[in-house]
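*Asks:* Take a look at this one; I'll ask things after.
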Amino acid sequence: MTGTPSAPTTSPDDQADGPGEGTVDRQPYRELGLTDDEYERIVATLGRVPTDAELAMYSVMWSEHCSYKSSKVHLRQFRDTPATDRLLVGMGENAGVVDVGEGLAVTFKVESHNHPSFVEPYQGAATGVGGIVRDILTMGARPIGILDPLRFGAADAPDTARVLPGVVAGIGGYGNCLGLPTIGGEVVFDPVYGGNPLVNALCVGVMPVGRVQTSAATGVGNAVVLLGAKTGRDGIGGVSVLASATFDEGGGPARRPSVQVGDPFTEKILIECCLELFDRGLVTGIQDLGGAGLTCALTETTAAGIATGQPGGMEVDLDLVPLREASMAAHEVLASESQERMLAIVTPDALPEVLALAERWGVIATNIGTVTDSGRLVVRWHGEVVVDVPPGSLADDGPVYERPLRRPADLDLLRADAPSALERPRTGDALRATLLRMIASPNLCSRAWVTEQYDRYVQANTVLAQPEDAGVLRLSASGLGIALATDGNGRYARLDPFAGAQLALAEACRNVTAAGAEPIAVTNCLNFGSPEDPEVMWQFAQACAGLADACRRLGLPVTGGNVSFYNQTGSAPIHPTPVVGVLGLFDDVTRRTPIGFTDEGDALLLLGDTRDEFGGSEWAWATHGHLGGTPPAVDLEREKLLGEILVGGSREGLLTAAHDLSEGGLAQALVESCLRGGHGARIELPAGADAFVELFSESAGRAVVAVPAAEQDRFARLCADRGLPCRQIGVVTDGEGGSLNVAGEFAIPLDELRAAHEGTLPRLFGRGA
């Protein structure tokens, strides 16, 4: 495999022709998603017409999914977010890495598998979990937990009954088999997601600080080793078709590719094999095979190696790749997205030990190539050179577009349609009926039907899990631990994408701090419609600007993330849906704060200000089908202060429960905390206050906490000294025959609340979880 490669095999006519009508018929680049300009750029880069294999490689690597060609100009501002002392690896690698102390580092990232999960819900969701787990593994970490932010069409829509059970079963089936607890996430229903469900997955892992891996292929003469499953035709076109194209009005892509097929057992042994390789220091570089398969792994590792300044390049023989189907062509082998595969760079001295270790684990390991100093990626197939390209042209130097932006034409009318004109409940009976209707609505009801299909406590390190505000994991015997939460609100972002992104970050931070953890890093998954629509791109630009601004003001680094475009059916895009994940840190997880009210007599305190804010609210949507107005105001300084008070109160042992207020307002939070802890609550609203606003407003920057009576004055002084509004709204009552009693308005027994809250999803999707 050494020496000067011959030119890739093409016909003399193809070599002579330049781009234009003469080559269009022979090279179907448009069908592969490339534009005329992009094709001409490829020809100019190579100085010739590309081979079929090269054309396939450029088509997937320059797809929206791989190249970020429409989003890159806006994502750059995330690099300006604070680089804290804890940040070890930021944007640019497979996942961000932060130092959490005690010689440990944590890596986490959220990605999407939206389009495959609509086509094949079970496999799409399962392989979405598998892919994000391998991203975490690639950094050198042991995966330890999963979160799954999900969005579906209307809860009673026929296709939701097809998609949701399959997605949930896929996540549970794959994650449970890997032995990974699913500790958090979201389930949201809205008709805009009917043809485009959002299946986002976050994984978190832990490792020794000194074991961080990189993807760079360096060291001339080092071996290129393919680990894991054999390569088949599953997933071919998954990137170039599914993640970079809209669905047609019939509910599917115009070109239907093969969705990847997952095997969690193979992934499990691959994880253990790779972790032992890392522990023994047997690899110099590592990359998972996900979107675009070998094409992406080979080009990214080679380009990363060259970027280090060391001599770099790679030669690969595809005949050595273990195949499931012997009839596959070169471009199919390169584009296959078969799951459970990794690419390792190994020194010649370590190669025998690597192969022996893989054999012991039952993992297929094959030396398929060599690191060179040619500066090029050369691929042979049946003895002929089919690829000879500069790897950076694929991995780093693809097209970058500054697409036109246009404020949505209907936005002013949408914002002017404020919910203030909607009929509001004014009597105690009407408030009672509204509360019962709200807590039974698809977006506010219990998620137990979903979460009970996941193993939330496997590995015995889960401290808190759904339905808590954040998932909490123990990292060491000392009590060191982390909290994770994901949040997003498409309705808020539809009304104001800048504020909507900031509200998503603010809520994720509140969830983490309500559990008692200090936020230290952010990841994001940006789900939007077609980038070819100027109105969608305006929404995207606004959301990026809002999120970057909020991260800077809160002092949080963005460690990485994902962009998912083309989430629309025909000309109808989804709501702009930035999903934000926040990582928090505990010194001692035994000091975590749950949401449940458990101690009779505890004072219930409301932190923050309540305003008449119902734009984009769950009340307006669930009771009136209304979307309009402006979302709640976001005050990032207040959010930061609230978080500091919640974390401080937790560490000082002043809180027995804490719950952030978001969708559904105070009423929803009280119901969830009462049911979680099995105790009632007696609430007294301020004299002369509007009971409806007090109970259902979605004002941001608020939380309800339970404080032992003996600590109430101390906690109130803590809030007063820092300038955080704090007022007592009630007390926790007994658990036997308890109720949620709002003085002067209504009382609802816990049993009635539980029946309303827990019955919706089983009724819609079946009793068997």
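The backbone N, Cα and C atoms fix where each Cβ goes, and this holds for glycine too.
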*Asks:* Look at the substrate binding annotation in Swiss-Prot, where SER112, HIS113, ASN114, HIS115, GLN260, GLU337, SER338, GLN339, SER564 are given, and name the residue from ARG134, ARG552, ARG553 listed for that site too.
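*Replies:* The one candidate that Swiss-Prot places in that substrate site: ARG134.
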*Asks:* Given that Swiss-Prot annotates TYR68, LYS109, ASN524 as ATP-binding, name the residue from GLY153, GLY481, GLY561 that shares the site.
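*Replies:* When Swiss-Prot describes the ATP site, the candidate it includes is GLY561.
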*Asks:* Which of the recorded positions listed here (HIS65, ARG134, ASP135, ASP288) have a Cα atom within 10 Å of the Cα of ASN562 (Mg(2+) 1 binding site)?
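*Replies:* Those near ASN562 (Mg(2+) 1 binding site) - Cα within 10 Å - are HIS65, in sequence order.
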*Asks:* Can you check which residue among the binding-site residues SER112, ASN114, GLN339, ASN524, ASN562 has the largest number of Cβ atoms within 10 Å of its own?
*Replies:* ASN524
*Asks:* Around ARG134 (substrate binding site), how many other CB atoms lie within 10 A of its CB?
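*Replies:* I get 26 for this one.
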*Asks:* Measuring Cα to Cα, tell me the gap between TYR68 (ATP binding site) and ASP135 (Mg(2+) 2 binding site) in whole angstrom.
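*Replies:* The separation of the Cα atoms works out to 18 Å.
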*Asks:* Restricting to the binding-site residues ASP135, GLU337, GLN339, ASN524, GLY561, which ones have a CA within 10 Å of the CA of HIS113 (active site, proton acceptor)?
*Replies:* none
*Asks:* Cα within 10 Å of ASP288 (Mg(2+) 2 binding site) is the criterion; apply it to the binding-site residues ASN114, ARG134, GLY561 and give the hits in sequence order.
*Replies:* ARG134
*Asks:* Long-range neighbours only, meaning 6 or more apart in sequence with Cβ under 8 Å: which ones does GLY561 (ATP binding site) have?
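*Replies:* In sequence order, PHE78, LYS109, VAL110, GLU111, THR523, ASN524, CYS525, LEU526 meet the Cβ cut-off.
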